[in-house]
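Engineer: If you look up TrEMBL, you'll see 85-218, 298-441 marked as domain 'SLC41A/MgtE integral membrane'. As annotated by TrEMBL, transmembrane segment applies to 48-69, 122-145, 165-188, 200-226, 232-254, 266-284, 353-375, 381-403, 424-449.
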Amino acid sequence: MKDLKELEFNNGNVQVESQVKIPPKDDPESVQFSEPMKEDLLSIGLQIFVPFMIAGMGTIGAGLVLGNVEELEVYKEVKALYIMVPALIGLKGNLDMCLASRLSTQANLGNIDSRREFLKMIIGNVFLVQIQAIVASCIVAVFAVSASSIINGTFVFNDSLLLSASSTITATTSCFVLDFVLIAVIFVTRKFRMNPDNMATPIAASIGDVVSLLILSLVASLLYAIHDTHTYVLFIILGIYIIILLPLWILIVTRNKYTKAVLKHGWVPVISALIISGTGGLVLDSAVDNFSGFVVFQPIINGIGGNLVSIQASRLTTMLHQTSIPGVIPPHTKQWVAPWTALFGKLFSAKTAMLLMAISIPGQTIFVLVADVFYNNYQLAVTAIFVLSYLFVFLIQLSLLLYTAHLLVHTMWKFKIDPDNGSIPYLTALGDLSGTCLLFLAFSFLQAIGRDYTPVH
């Protein structure tokens, strides 16, 4: 028997420390499992609630920004921008939340207590996220342009350059700033003996969406003004990122033991998530033309759903890291369970799931009312039937996400895939798609019964 110093995943070696005792050849029958970390329910609730409310205000800000920037010329003339928004915001959230989950797991395992090792983690992870942001943002732009061209029957080359440059600048800039905010949050929570799993992902979501939308709108507007007359500027911007910065960052990351495996094997979840989120963008593009005020509430339902399921996924992953070895499901949890058991049973995941649902109902009610008041110049336009319809579809979305998180995290662990890198992109992308589609259904229902949302302008 020996202390586990390195876990072997299918997607590479991940340096972790654990108290789990493993036998030679990782024989599941003789693994000595550890017990999950004991946390008081009130303590968990308090640690989640404050960042959750802050994150909610951030999603309100994103909704208000999106509700106002639709009047900008670039949003009116380049319709593909609307298709790109959910995928780009989802990309930023995926990358930041995966970073938060990876570092939170390392913090709970005690691996950031060495400043030298923590610095190596920071350098590797920050530049890893930059690489992922450059590559994925270009894919987002190509997807948005392709989808828009098919829908509208026209292709404008300069618009594709505009979207590529705008998405790359937005993704890299917002991720760079937010990564250091996350690192500070994780370091502080560790120092004060709080669980970073409860706080890091909400903080990532709190200002991320609104910052990304502001940067995207500003950059896209500036580049739109010159994209026909000074097209070479767009080529220069993309050239700097792809030819100069990208190879440099790849060189740094491949020499970092904490991130080189993720760079090689962590692309499938990110790119798959982009496609899923991009599908939500097609729904958003349709909803903008049919429902007034839809863009105000869409970032809220998507952001909060993704925020809460990321907390669940991060906590589940940390529990598995602390109590078992890759490929072995510990006895205190189960891989395949019914939805009721995963959400309301006696499993580790159910306790947090019930808490997240309980927090989300009053939280979402507050967020909807606040967003409505600010959007309508301090007048209330929402009705009781609107709020109830919104909460109904949100609870469907959240239940779907939390149950999927339980199945996905456990299945990835069973197949020796690190859920810190693989689960959150799929879950947040599913949150974007399901949130947008369910909100579309809610608006359609309200319109059908003659109670549709009418902004006060």
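Keep in mind that glycine also has a Cβ here, set from the backbone N, Cα and C atoms.
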Engineer: What is the three-state DSSP composition of the domain 'SLC41A/MgtE integral membrane' (298-441), stated as helix, strand and coil residue counts?
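Structural biologist: Tallied per class, the domain 'SLC41A/MgtE integral membrane' (298-441) gives 114 helix, 0 strand, 30 coil.
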Engineer: When DSSP states are grouped into helix, strand and coil, how many residues of the domain 'SLC41A/MgtE integral membrane' (85-218) land in each?
Structural biologist: 120 helix, 0 strand, 14 coil
Engineer: Residues of the same chain, at least six outside the transmembrane segment (353-375), with any C-beta under 8 angstroms of its C-beta?
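Structural biologist: The answer is 41, 44-45, 48-49, 52-53, 56-57, 59-60, 63-64, 67, 293, 296-297, 300-301, 304, 308, 311-312, 342-344, 381-382, 386-387, 390-391, 394-395, 398-399, 402, 406, 455.
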Engineer: By Cβ distance under 8 Å, which residues at least 6 away from the ends of the transmembrane segment (266-284) in the same chain are close to it?
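Structural biologist: Sequence-remote neighbours of the transmembrane segment (266-284) are 11, 82-87, 89-91, 94-95, 98, 132, 135-136, 139-140, 143-144, 147, 151, 294-295, 298, 302, 421-426, 428-430, 432-433, 435-437, 440.
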Engineer: Do the transmembrane segment (232-254) and the transmembrane segment (122-145) share at least 3 Cβ pairs under 8 Å, sequence separation 6 or more?
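Structural biologist: Checked: the transmembrane segment (232-254) vs the transmembrane segment (122-145), in contact.
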